[in-house]
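Okay, so here's the structure we're looking at.
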Number of protein chains: 2
Amino acid sequence: MANQLTFNVAVVGATGAVGKQMIRILEERNFPIKQLKLLASGRSAGKTVTFKGQEIVLEEATPESFAGIDFALFSAGGGVSKELAHHAVNHGAVVIDNTSAFRMDPNVPLVVPEVNMDAALAHNGIIANPNCSTIQMVATLKPLYDRYGIDRIIVSTYQAVSGAGQSAINELQAQSREVLDGKEPTCEVLPVGKLPVHHQIAFNAIPQIDVFTDNGFTYEEMKMINETKKIFGDEQVLVSATCVRIPVVYGHSESVYVELKEDYDLAEVKSLLENAPGIVLVDVPEEQKYPLATDATGKLDVFVGRVRRDLHHPRGLHMWIVSDNLLKGAAWNSVQIAEELIKARA
Amino acid sequence: MANQLTFNVAVVGATGAVGKQMIRILEERNFPIKQLKLLASGRSAGKTVTFKGQEIVLEEATPESFAGIDFALFSAGGGVSKELAHHAVNHGAVVIDNTSAFRMDPNVPLVVPEVNMDAALAHNGIIANPNCSTIQMVATLKPLYDRYGIDRIIVSTYQAVSGAGQSAINELQAQSREVLDGKEPTCEVLPVGKLPVHHQIAFNAIPQIDVFTDNGFTYEEMKMINETKKIFGDEQVLVSATCVRIPVVYGHSESVYVELKEDYDLAEVKSLLENAPGIVLVDVPEEQKYPLATDATGKLDVFVGRVRRDLHHPRGLHMWIVSDNLLKGAAWNSVQIAEELIKARA
């Protein structure tokens with residue numbers, strides 16, 4: 001691709017927590033944009049957003065919005081993706097969808113560039129962006145998967161409220177003030193806005209993200225379980241997950257236990273992680289250095305630390321994985337897929 | 001024991017976060033007290049505390065403080081216990097020590113009444129109270145250990161700041177306000193006061209509780225690993241732990257994966273938990289009922305929910321265990337041991 005080549009890009013859901021980050025990253029990365037189209041609900045149409053010093057007027061997303069678009073980045077909820085993604089594809093756009101609408105569709109690749117960019121190259125118009133908590137885990141485990149193979153993963157998450165959108169961020173902040181002031185906290189959003197019961201998130205830990213399935217796991221947990229298999233292209237990678245919302249604004253943390261298929265050398269594991277693309281090893285316990293959500297906020301990388309040998313299982317390994325859920329977990333992974341597609345076409 | 005029998009009780013560390021709860025529980029439980037002696041550092045001596053409507057003057061803890069004392073409840077740090085516990089024993093008191101001073105001492109039983117009260121009855125003057133995060137886990141797993149046996153446990157904790165004392169509670173509250181007001185947070189206490197580096201706990205998750213050992217695990221994690229074996233009296237119970245501090249004031253939550261020795265029936269597991277002493281099953285996912293730290297605050301019980309079959313391992317089981325770390329995790333477990341000793345003598 002010649003350097004002067006530029007692309008028409010649409011962001012669908014431009015006013016949402018992830019959409020805003022997509023716009024910011026397109027600017028920061030100096031993505032080769034010819035025209036940026038910002039699409040939202042009719043409610044937001046007419047508002048303006050600044051991009052590279054220019055005011056862009058938000059338009060209502062309709063089937064016709066995608067004429068001439070090269071990349072359509074969707075993050076406006078599964079319903080909007082199901083309604084509009086195929087229109088974008090029919091107009092010749094590549095859709096990179098950040099919702100769960102198409103993730104498990106066998107015709108749609110589910111992509112983390114560090115893991116399975118080859119799948120993205122074989123797309124049929126739509127590429128799905130995995131769930132935030134899955135992305136940071138599989139990106140970190142990829143070099144270990146390649147070197148040793150993985151038998152099973154047991155993960156417990158410590159997830160930020162921003163994964164549930166701007167209203168959840170507002171709720172955590174408002175509740176925190178209420179509790180600090182000795183008032184009764186107002187609970188209207190978390191754990192799941194549309195469900196009847198809402199729990200306090202300020203100064204609490206809620207072991208529910210998304211709704212429950214019949215097997216006692218939540219959809220969020222099943223996403224980690226099923227998406228990991230699809231991204232590795234390996235049904236034999238067994239995942240068990242417990243997904244928990246904690247009072248953090250940005251940055252998902254994960255306590256990950258993994259059983260490799262082969263014996264490993266701990267120094268080699270750390271070296272593999274240190275040299276893996278997109279991964280930053282932060283692991284100096286004696287200096288109290290390990291990944292923290294507050295340090296990961298605003299960064300594109302995935303941070304891993306507390307890497308240590310299980311005391312009992314010879315192939316068992318523990319680690320602590322942290323990343324900004326709105327960036328590598330969502331907006332950046334989407335933009336990164338687009339960047340890699342452009343590179344591959346070059 | 002005749003009902004009129006009463007006892008002289010000393011609380012060592014009466015001004016601390018746990019000491020205050022010990023006094024509250026002794027009152028609430030109507031513990032058969034003849035005289036209550038409240039001991040603290042010289043700094044606090046002379047202050048008064050109200051117990052059952054009476055003002056009690058705090059005294060400085062010295063070797064002579066324990067003359068005539070029947071039960072001495074220690075919670076003033078390991079150094080104070082090491083210095084004074086033997087004096088209390090020499091004066092004829094039974095010491096119930098909430099610090100880590102004697103937990104792994106082979107001559108000192110480490111006791112959770114629901115699990116190994118028999119060990120307490122064989123004490124040599126000192127009985128150790130386990131680490132808070134261990135207590136709620138082993139109390140919950142006891143009925144499953146008895147029925148099926150336990151091969152291994154993998155636990156990730158979500159621990160409240162009150163486990164690090166009143167200064168950590170103050171720090172979380174002050175930092176939360178600072179962050180909400182857009183100010184730089186002041187970090188002076190967590191994760192470990194005496195270490196050089198302090199991290200923000202407000203709106204964050206810190207994967208360090210206590211200092212690190214050479215194997216990459218923290219002492220807090222090693223406590224869960226070693227204490228579990230000692231309490232069950234079974235070196236074959238393998239535990240792996242990742243201990244994490246989160247911005248919660250009261251109540252430790254734990255994501256626990258356990259592999260039983262025998263195949264199990266999930267309904268039977270739930271029934272065993274439901275009927276176990278000190279355990280409350282809160283497990284109705286379809287009504288969004290599961291244990292929460294905010295609900296457990298101030299309660300003596302251990303709450304368990306999200307009990308579900310692992311999707312891959314036939315003997316694997318997941319659960320979410322929550323309890324007030326200052327109560328069952330500390331003050332109540334100590335008072336409960338004293339109550340059970342009295343019952344056993346009756």
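Every residue gets a Cβ built from N, Cα and C, even glycine.
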NADP(+) site partner of A:Thr15, A:Gly16, A:Ala17, A:Val18, A:Arg43, A:Ser44, A:Ser162, A:Gly163 (as recorded in TrEMBL), chosen from A:Asn325, A:Asn333: A:Asn325
DSSP residue counts for the domain 'Semialdehyde dehydrogenase NAD-binding' (A:8-123), split into helix, strand and coil: 38 helix, 32 strand, 46 coil
Cα separation, A:Gln159 (substrate binding site) to A:His252 (active site, proton acceptor) (Å, whole number): 4
Residue among binding-site residues A:Ser162, A:Asn325 with least C-beta crowding, 10 angstrom cut-off: A:Ser162
Site extent for NADP(+) (largest Cα pair distance over A:Thr15, A:Gly16, A:Ala17, A:Val18, A:Arg43, A:Ser44, A:Ser162, A:Gly163, A:Asn325, Å): 26
Site of maximum Cβ density within 10 Å, from binding-site residues A:Thr15, A:Gln159: A:Gln159
Inter-residue Cα distance where the pair is A:Cys132 (active site, acyl-thioester intermediate) and A:Gln159 (substrate binding site), in Å: 10
A:Ser162 (NADP(+) binding site) to A:Arg245 (substrate binding site) - Cα separation in whole Å: 10
From recorded positions A:Arg103, A:Cys132, A:Arg245, the one whose Cα lies nearest A:Thr15 (NADP(+) binding site): A:Cys132
